[in-house]
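Student: Sequence annotations record features per position, and here Swiss-Prot assigns NADP(+) binding site to R48, R54 based on sequence analysis. The annotation FMN binding site is assigned in Swiss-Prot to R125, S126, S127, N238, A239, G278, K293, P294, T295, S296, S297, R319.
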Amino acid sequence: MAGSSIGQLFKVTTFGESHGAAIGCIVDGIPPNLEICEADLQHDLDRRRPGQSRYTTMRQEKDQVKILSGVFEGKTTGSSIGLMIENTDQRSKDYSEIKDLFRPGHADYTYHQKFGHRDYRGGGRSSARETAMRVAAGAIAKKYLNEQFGIVIRGYLSQLGDIKADSIDLDEVENNPFFFPDLSKITQLEDYMKALIKEGNSVGAKVTVVASSVPVGLGEPVFDRLDAELAHSLMSINAVKGVEIGDGFAAVSQKGTEHRDEMTPGGFLSNHAGGILGGISTGQDIIAHIALKPTSSLTIPGRTITTNGEATTMITKGRHDPCVGIRAVPIAEAQMAITLLDHLLRHRAQNLHVTTNTPFIK
């Protein structure tokens, strides 16, 4: 399986399966002398951790991260950082009945056809359990970005099903179990999710992630444009079926006079492009949105086939998220951080000496 790494100068390689002994990752390229400890990583891991509310999976994992290498006396050494989290609450017996059939809407069928042998317990390598290590690596990237460049990355759930945030108050995001920025919609979200869980169904979601104070110049045209790399990074998150940068698909109905981000000596007059023009950061906020499908792990019977190709029906047992978008918020933040740090290091390596007579605007 060759697709377990992301990044060039800042590179993250993850390993492990949902019901294996542990999950882990190797982080390469972080500069030396960054003060870091396990507590710095644990904050975001706790935000992603399962079993924290009735609206997410009841799998109880503490997600206690261990730093195995690359840190000495509280500082990064510049060598590879090894991270590991033990799996402690696997219930593999919940999956014994699906050993010889494929869950519709999951990676069971495609993994089986591609590799000829799959770990059916909780989806194995295809499980979102793996994303805990992305969050751990992303926490390192977020700390470096903030301390060295003042970059702040914030994510929130901007839509759950048909319920959209009408106002954005980032101070409210961490004060409710949905990471939702509109306090007036929390009761509606709670009632909706209770009914959804009772029904045994699931729903999709939209997550927005914003990076502020990103310097101008990040991105490597033409194939490694910053927006292309961000789309690749965010699209790699489980259940993501769409990515927008800035206004995204809303640009289809806009006219050029509306969409162009006009400039004045005092700065840009709008940010429809989401902080990226020509594949290069403008210095404005970088804004991305991801669409996550509803999980197919349902207690409502659905049609499928066995590994022998025979027709059958099934329900999914086990513990699952009725809306995977809720816990995707810190994952999206991590993916943005990993990609931005990689491009900052690449830009610094090639273009640190570049100067122009044009003042920077935002």
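Placed from the backbone N, Cα and C atoms, the Cβ positions cover glycine too.
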Student: Using a 10 Å cut-off, grab the number of neighbouring Cβ atoms around the Cβ of K293 (FMN binding site), all chains included.
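Tutor: Summing over all protein chains shown, K293 (FMN binding site) has 17 other Cβ atoms within 10 Å.
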Student: How many whole Å apart are the CA atoms of S127 (FMN binding site) and R54 (NADP(+) binding site)?
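Tutor: It is 20 Å, counting Cα to Cα.
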Student: Can you grab the distance from A239 (FMN binding site) over to R54 (NADP(+) binding site)? Cα atoms, rounded to a whole Å.
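Tutor: Just about 20 Å between their Cα atoms.
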Student: Can you tell me whether DSSP puts K293 (FMN binding site) in helix, strand or coil?
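Tutor: DSSP call for K293 (FMN binding site): coil, neither helix nor strand.
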Student: Return the residues near R48 (NADP(+) binding site) by Cβ distance under 8 Å, restricted to its own chain and a separation of at least 6 in sequence.
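Tutor: R48 (NADP(+) binding site) has long-range Cβ partners D63, T131, A132, V135, R327, P330, I331.
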Student: Give the sequence-ordered list of residues that share a chain with R54 (NADP(+) binding site), lie 6 or more positions from it, and have CB atoms under 8 Å from its CB.
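Tutor: Counting only residues 6 or more apart in sequence, the Cβ neighbours of R54 (NADP(+) binding site) under 8 Å are M193, K194, I197.
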